[in-house]
Amino acid sequence: MYPPIKPYESGFFQGANSEKHQLYYEVSGNKEGDPVVFLHGGPGGGTDPKDRQFFNPEKYKIVLFDQRGAGKSTPSAELENNTTWDLVKDIEVLRQKLGVTKWHVFGGSWGSTLSLTYAQTHPDRVKSLVLRGIFTLRQSELRFFYQDGASHLFPEQWEGYIAPIPESERHDMMKAYHSRLNSPDENIRLAAAKAWAKWEMATSRLIVSEDAVAQADKDDFANAFARIENHYFVNEGFMRDGQLLEKQEIDKIRHIPTIVVQGRYDVVCPATTAWALKRTWPEITLHIIPDAGHSSREPGIEKKLVEAADIMASKGL
């Protein structure tokens, strides 16, 4: 990772077609550099200052922003007018605001979903893609993590995840959580949000990170993270099942240089999805990291993501 840096510009911009949503953004690195936009995970996860460090600050003009309802964006955890397609429009609003013609797009987990969606919608605006932990929002992927799959690998953490849900409702965990995450009772809402967030934080690394798990106990983070994720997932990402992997959609972006970094033991976004992308789109470069899980903070994933960003900067796209 590159050394920590501070943004030279930051502020808020109004979300596309929405007076309610005010989105935080920041720009760091080289003012005249090659623009790159970082798309965070979740949805609802928000950005972190360390996210700037994937990029060479001498080469890149580094753009980070918090998606609707996430991070510093307001109102926090807001679900109204919060869909995949709203976020795609927001990216375009930010691009135009910053006077960028084309930029590199970098995203992991849900950020990979949004990167693919944005690129397939605006292929003429994307110089390259660097993606991590491929997630395409298919029902099979959601079932594996939230219903039956990852539970076999993390049984003790699974106990905490199912605890807020009565046994009679556990046949559809996402639906059961949806009612609690939207409860008028703040205590019910927060208890559900923390259990939902803790499940993901506890399963995101090859070796469980207590610091990551502790983050799930923070009210604001858990509320935004859990409510927005669940909102997107019960609505199937506001797209057709498997849409991002369809040949006609991949054909729109087949020409875009793309590097994918995938942890072998990623249970949040298992490697089978990255492999499905590779089969549909053989032109991509796929790196499977043999000793990593899901998190971008895993050493092998961090290293390969920095290398991938360096490669894209050196191509002179």
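Note that Cβ sites are derived from N, Cα and C of the backbone, with glycine treated the same way.
The domain 'AB hydrolase-1' annotation in TrEMBL covers 35-295.
Look at TrEMBL and you will find Ser109 tagged as active site, nucleophile.
Residues or ranges marked as active site by TrEMBL: Asp266. Long-range neighbours of Asp266 (active site) (same chain, six or more residues apart, CB within less than 8 Å of its CB): Gly133, Ala292, Gly293, His294.
Under the heading active site, proton donor, TrEMBL lists His294. Around the Cβ of His294 (active site, proton donor), the number of neighbouring Cβ atoms within 10 Å comes to 27.
Taking Cβ-Cβ distances under 8 Å and a sequence gap of 6 or more within the same chain, the neighbours of Ser109 (active site, nucleophile) are Gly41, Gly42, Gly45, Arg132, Gly133, Phe135, Val268, Cys269, His294. Model confidence over the domain 'AB hydrolase-1' (35-295) stands at 97, taken as the mean pLDDT rounded to a whole number.
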